[in-house]
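Residues annotated as active site, proton acceptor in Swiss-Prot, with sequence analysis given as evidence: His178. Taken from Swiss-Prot, the feature NAD(+) binding site covers Val16, Asp37, Lys42, Tyr68, Gly82, Val83, Ser104, Ala121, Ser122, Asn123, Thr146. According to Swiss-Prot, the substrate binding site annotation covers Gln85, Arg91, Asn123, Pro124, Val125, Asp126, Asp151, Thr152, Thr153, Arg154, Thr232. Here Swiss-Prot flags Arg156, His171 as beta-D-fructose 1,6-bisphosphate binding site, drawing on sequence analysis. The phosphotyrosine annotation in Swiss-Prot covers Tyr223 and is backed by sequence analysis.
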Amino acid sequence: MKITSRKVVVIGTGFVGTSIAYSMINQGLVNELVLIDVNQDKAEGEALDLLDGVSWGQENVIVRAGDYKDCKNADIVVVTAGVNQKPGQSRLDLVNTNAKIMRSIVTQVMDSGFDGIFVIASNPVDILTYVAWETSGLDQSRIVGTGTTLDTTRFRKELATKLEIDPRSVHGYIIGEHGDSEVAVWSHTTVGGKPILEFIVKNKKIGVEDLSNLSNKVKNAAYEIIDKKQATYYGIGMSTARIVKAILNNEQAILPVSAYLRGEYGQEGVFTGVPSIVNQNGVREIIELNIDAYEKKQFEKSVSQLKEVIESIK
């Protein structure tokens, strides 16, 4: 699929949708940005507010409220709509209500004649990416969930902070569910190209026992933020904009998005967070890491849990 107009439609103008829109405008990613919401006044107000800052951005951009007919010639439709996670709720607690919302949205998008790429940011993202694919009839590669992109950047940031290293020099992934069963891939985590276990032997800033605590902190990061401010949106806003950028610029970038497994990691028939090559066609290829036995077992548990939830909503 060739990117033509750099037109992106964002469905849902809550905290997440507007954070994604704001991030895309600031980075000069789009030529046209259309906001859709069940509350038309909200969409119009957000568009007007964003327009007030366009002249300070990197590129001139059209920003407006619209409707589903605007999806027809869009390159990307980003879906953020759904009920929000409340304090004490897991992301999977949201599944029944948000699955119904996702089916309704995707049906209306496809009825417009849309032939682009979906980026799904609604939670639980792995399940709703599956629902979007099943409803759309598009190839799995064209449905891209945000997956563990945010978890991975949290992981790198936390480890970098402990080691007093620039996060851009720390490489590693969180895979599996964007949620409580996510898996930190320590076996492929490196600092300046050096495996983490080798690095900490000489670094002395953290020990092996600290690694488990760190991955748990990453897993629970959203709960801490929700307890303090009721919602998370800036981090996922910037993470989603990064995925959009990779698609629009045909980057061939490796990002841990929610992608459809066809035997990779010994699993199939589910969308979940795995390192994937992302380009103008969506997910070009999944990168299959040679994870260790413990990580493989945890990943299998994560995928199994997702499959159970998918079966429950069919």
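Just so you know, glycine gets a Cβ as well, placed from its N, Cα and C.
Remember, it's a predicted structure, so these values are computed and weren't measured experimentally.
The CA atom of Gly82 (NAD(+) binding site) is located 8 Å away from the CA atom of Asn123 (substrate binding site). Looking only at the recorded positions Thr153, His171, Tyr223, Thr232, the one with its C-alpha closest to Ser122 (NAD(+) binding site) is Thr232. For the binding-site residues shown (Val16, Val125), fewest C-beta neighbours within 10 angstroms: Val16.
Considering only the recorded positions Val16, Lys42, Val125, Tyr223, His178 (active site, proton acceptor) has Val125 as its nearest partner by CA-CA distance. Residues listed for NAD(+), Val16, Asp37, Lys42, Tyr68, Gly82, Val83, Ser104, Ala121, Ser122, Asn123, Thr146, cover a largest CA to CA span of 24 Å. Only Val125, from the recorded positions Val125, Arg156, His171, Tyr223, Thr232, place their Cα within 10 Å of the Cα belonging to Thr146 (NAD(+) binding site). On the backbone, the CA of Val16 (NAD(+) binding site) and the CA of Tyr223 (phosphotyrosine) stand 16 Å apart. Here Ser104 (NAD(+) binding site) is positioned 28 angstrom away from Asp151 (substrate binding site), judged by their C-alpha atoms.
In sequence order, the recorded positions near Thr232 (substrate binding site) (Cα within 10 Å of its Cα) are Tyr223, drawn from Lys42, Ser104, Arg156, His171, Tyr223.
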